[in-house]
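**Q** My structure is below; once you've seen it, I'll send some questions.
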Amino acid sequence: MYDGVSLLLDVTWIDTKHIADTASRYSIPYFHVDLSVQTYVKLMENFLLARAGNDAVYILPGPLEADATVYLLITGSYLRAIVFDGLDETVVGKIKAIRPYPSFYAVIAGTQEMNAIVQEAIDGGLVRKPEKWNLLFTDLHGANFAHGQAFPEMNRLLLDESTCCILQWRQTEPCACPAKFDPMGAHLDNVVDVLLGWASEVALPLVRSTNCSAEEPSHGALNATELMQQMGAMAQFWITPESRMIRPNLNLSIISPPGENFSIATVEQQVPSVRIGSVLQGQVVLTGDATIQASRRFFRVGTTESIPWAYRMRHPTSGEILRDPVTDEPTWKGYCIDFLHQLSVVMNFDYDIVTPSNGTFGLRDATSGRWDGLVGELVVGDIDFAIASLKMTAEREEVIDFVAPYFEQTGILIAMRKPVRETSLFKFMTVLRLEVWLSILLAIVATAVMLWLLDKFSPYSARNNKQAYPYECRDFTLKESFWFALTSFTPQGGGEAPKALSGRTLVAAYWLFVVLMLATFTANLAAFLTVERMQTPVQSLEQLSRQSRIKYTVVQDSDTHDYFRNMKNAEDVLYQMWRNLTLSSGNDQAQYRVWDYPIKEQYINILAAIESAEPVASAADGFRRVNERLDADFAFIHDSAEIKYEVSRNCNFTVVGEVFAEQPYGIAVQQGSYLQDELSYFILELQKERYFESLTAKFWNKSARGHCPNTDDSEGITLESLGGVFIATLVGLALAMITLFGEVLYYRRKERNRTFVKVMPFANADRVWEKKTPFDLKEKSIAVVRNILELDGPGNINKSVKRNVIRTRQGHTIPKDITIGKKFISVADNQPKLYDIAILPRNPIH
């Protein structure tokens with residue numbers, strides 16, 4: 001070169017624009033030939049752009065290839081890229097830490113190195129989405145790829161055998177490639193052949209170092225620019241308009257899963273990956289109606305556990321987190337998870353769910369000003385956006401941005417347990433105390449005894465004053481007096497009252513006692529049952545703060561906890577301002593010295609009560625503590641949406657008061673993120689489609705409470721409260737049946753011991769007990785009657801019967817147990833002179 005230069009052939013892969021400019025200044029023909037990995041990288045880039053990619057991670061087999069790739073990407077590339085030379089545990093860790101996650105992985109290597117790199121990626125857990133991996137084989141042995149069957153979703157670019165024919169100038173088919181075919185060596189041979197042929201036809205200038213001037217070429221000769229244009233038209237070369245780099249024309253076959261509209265032969269349809277096209281001279285050409293899988297953006301989406309927004313599924317008995325069998329990642333469920341999936345569909349992206357290390361939404365350190373939790377990871381870029389039950393606050397908007405709210409206004413609500421009622425069928429008896437029931441019983445007994453005594457000894461009673469009351473009146477015996485006193489407590493009344501004035505005075509006073517006692521019992525029973533059905537003893541936050549029996553708490557360092565802290569601090573500041581105002585000597589004493597503090601110290605007391613009850617670590621702990629207090633003496637103050645969700649799932653919970661401190665939920669992104677407008681647009685589109693209404697109905701519904709016992713006050717009193725009344729009625733029925741059974745037994749026993757006097761009508765006057773044939777009543781009726789009246793005949797009357805007799809006109813005696821009718825009654829008109837005489841005993845017998 002010291003003696004002179006006629007042509008420059010540059011085979012380096014660095015940016016040599018200064019060399020090209022120098023050669024052009026001295027009129028030296030300059031040709032830049034690519035013999036490095038940059039051609040493969042350029043082909044891979046064109047393929048990724050065809051898949052609508054915008055970023056990628058390049059993995060090369062060594063540092064030399066990695067450096068060449070970096071130089072190409074720096075000089076002119078449309079992709080955001082990170083390049084690694086090889087793959088080991090350290091590189092795997094670095095790739096996992098990339099934020100945001102790359103859309104594609106591009107590996108460029110020979111078949112042997114490719115197998116090792118992919119195996120390392122599999123072992124390191126990088127191959128979670130195989131469709132994001134794009135493999136370019138730099139040799140002709142790509143069919144020996146070891147992981148093609150296991151991961152058919154990987155896109156592979158294989159050197160086609162036609163490349164060998166093209167680079168070896170063999171246009172006829174078939175052409176066989178050598179066992180160790182080197183595309184770059186063949187490409188260098190082709191360039192040298194063309195340049196030597198051109199140099200033999202034209203007189204190349206000779207630039208010497210002595211004068212640095214070129215000799216004038218002959219007129220009509222082909223210059224270097226025209227030669228480059230001719231080479232660009234040759235099938236062996238690939239020269240892009242924006243670059244003067246002479247690259248080999250490598251024909252790559254695209255092996256990929258077919259698209260939805262791809263149709264191919266039946267045999268080829270049975271394999272998961274097929275040849276859908278080729279990359280020739282940097283252009284992606286598809287076969288037939290095949291389609292290439294477009295790029296799906298990939299985001300790291302941050303969230304934190306909060307039911308029902310986002311929570312990890314757990315085993316119902318052991319509580320162990322359930323994981324996906326393929327990716328070994330936790331299985332997430334919830335409102336935000338369904339919403340995120342819908343966004344991924346309409347926005348066409350893939351995602352990973354990431355949780356912050358401390359599991360919180362984020363707190364700002366007072367000294368350093370740094371945020372932790374979900375907000376902190378969003379600030380530093382560990383996640384692309386956050387979708388959770390994250391409230392839009394002014395403090396958070398100082399470091400992050402929010403998109404359009406996706407949930408209606410939420411706030412803070414109080415949850416308590418419904419009091420457990422004591423199940424007793426005789427609960428109505430507890431309306432009055434035991435001493436009251438005993439006093440009522442004593443009043444009944446005393447009234448009955450007094451009524452019996454007054455009726456017995458009063459000269460004006462019906463018993464002692466027969467002249468005034470000749471008709472039959474109620475005889476107030478001791479038994480009848482007790483019955484009167486008892487029945488007077490019923491709407492039926494006690495029946496006939498005593499006749500004496502003293503007895504009626506007693507009854508009037510007793511009836512007044514009964515009316516007042518029944519009214520008192522009815523009123524207290526109604527009030528008792530009403531109070532029993534009251535679900536909560538407090539109805540608002542203010543009532544909760546003014547009492548001391550019910551304890552309450554919040555989740556530690558939650559938004560609710562921050563709310564009460566801020567309100568307490570506000571009250572402190574207001575108190576200091578009021579005190580300074582009232583105690584200032586420069587102010588008008590009469591106008592400003594108001595000793596009654598005008599602001600209630602409500603939140604100061606509430607925060608003190610919360611701290612004394614110890615805030616819980618999570619919402620699940622808070623609901624558990626509420627559920628354990630059967631006496632409803634514990635309350636949990638938390639997010640209203642989560643409380644309403646728990647109430648819709650648990651029959652034991654109820655809400656207290658109204659929602660306060662309302663704020664919306666929104667998706668958070670980094671400040672200035674391009675995702676803000678896109679997410680807002682699609683959220684508004686989903687709102688127009690009423691998607692959020694259906695999603696809310698899915699999680700906040702009453703289906704889980706269908707089996708709950710009815711506690712609505714409008715449904716009336718339950719059987720458990722008044723079941724004892726029915727039991728008392730059944731007991732009365734049972735006692736009545738037992739009494740009936742005793743009466744029957746007593747009567748039958750009495751009948752067996754009773755002595756009967758047998759009367760034989762129509763008997764012979766001389767032989768009373770001898771049965772005769774029918775006779776003429778006209779002739780013998782008088783004799784029969786006389787014989788009957790003479791019952792003291794010989795041996796016919798039981799001597800043991802006590803004679804309580806009535807003497808007739810003939811001197812005969814008639815037992816008092818026998819009554820003789822006053823007249824004869826004809827039995828039948830067709831029977832001549834046949835009469836019946838009524839002879840009945842005084843005491844009724846069966």
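Cβ from N, Cα, C; glycine included.
Feature annotation from TrEMBL assigns L-glutamate binding site to Arg396, Thr560, Asp639. TrEMBL lists Cys651-Cys708 with the feature disulfide bond. Taken from TrEMBL, the feature domain 'Ionotropic glutamate receptor L-glutamate and glycine-binding' applies to 310-380. Under the heading domain 'Ionotropic glutamate receptor C-terminal', TrEMBL lists 312-702. The site 'Crucial to convey clamshell closure to channel opening' annotation in TrEMBL covers Val538. The transmembrane segment annotation in TrEMBL covers 436-454, 508-531, 722-746.
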**Q** Taking Arg396, Val538, Thr560, Cys651 as the recorded positions to compare, which has the smallest set of other Cβ atoms within 10 Å?
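**A** Looking at the recorded positions Arg396, Val538, Thr560, Cys651, the Cβ with the fewest others within 10 Å is that of Cys651.
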**Q** Taking the residues the record says bind L-glutamate (Arg396, Thr560, Asp639), how far apart in Å are the two Cα atoms that sit farthest from each other?
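**A** It comes out at 18 Å between the most distant Cα atoms.
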**Q** Work out, from DSSP, the number of helix, strand and coil residues along the domain 'Ionotropic glutamate receptor L-glutamate and glycine-binding' (310-380).
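**A** DSSP composition of the domain 'Ionotropic glutamate receptor L-glutamate and glycine-binding' (310-380): 21 helix, 17 strand, 33 coil.
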**Q** Check each residue in the chain of Asp639 (L-glutamate binding site) that is at least six apart in sequence and keep those whose C-beta is under 8 Å from its C-beta; list them in sequence order.
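**A** Once residues fewer than 6 apart are set aside, Asp639 (L-glutamate binding site) is near Ser306, Ser389, Thr410, Gly411, Ile412, Leu413, Ser558, Asp559, Thr560, Ala619.
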**Q** What does the structure give for the C-alpha distance between Val538 (site 'Crucial to convey clamshell closure to channel opening') and Cys651 (disulfide bond)? Integer Å is fine.
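**A** If we compare the Cα positions of Val538 (site 'Crucial to convey clamshell closure to channel opening') and Cys651 (disulfide bond), the gap is 19 Å.
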**Q** Quick check for the class: what is the C-alpha distance, in angstrom and rounded, between Cys651 (disulfide bond) and Arg396 (L-glutamate binding site)?
**A** 36
**Q** Along the domain 'Ionotropic glutamate receptor C-terminal' (312-702), what average pLDDT does this model show?
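**A** Summing pLDDT over the domain 'Ionotropic glutamate receptor C-terminal' (312-702) and dividing by its length gives 83.
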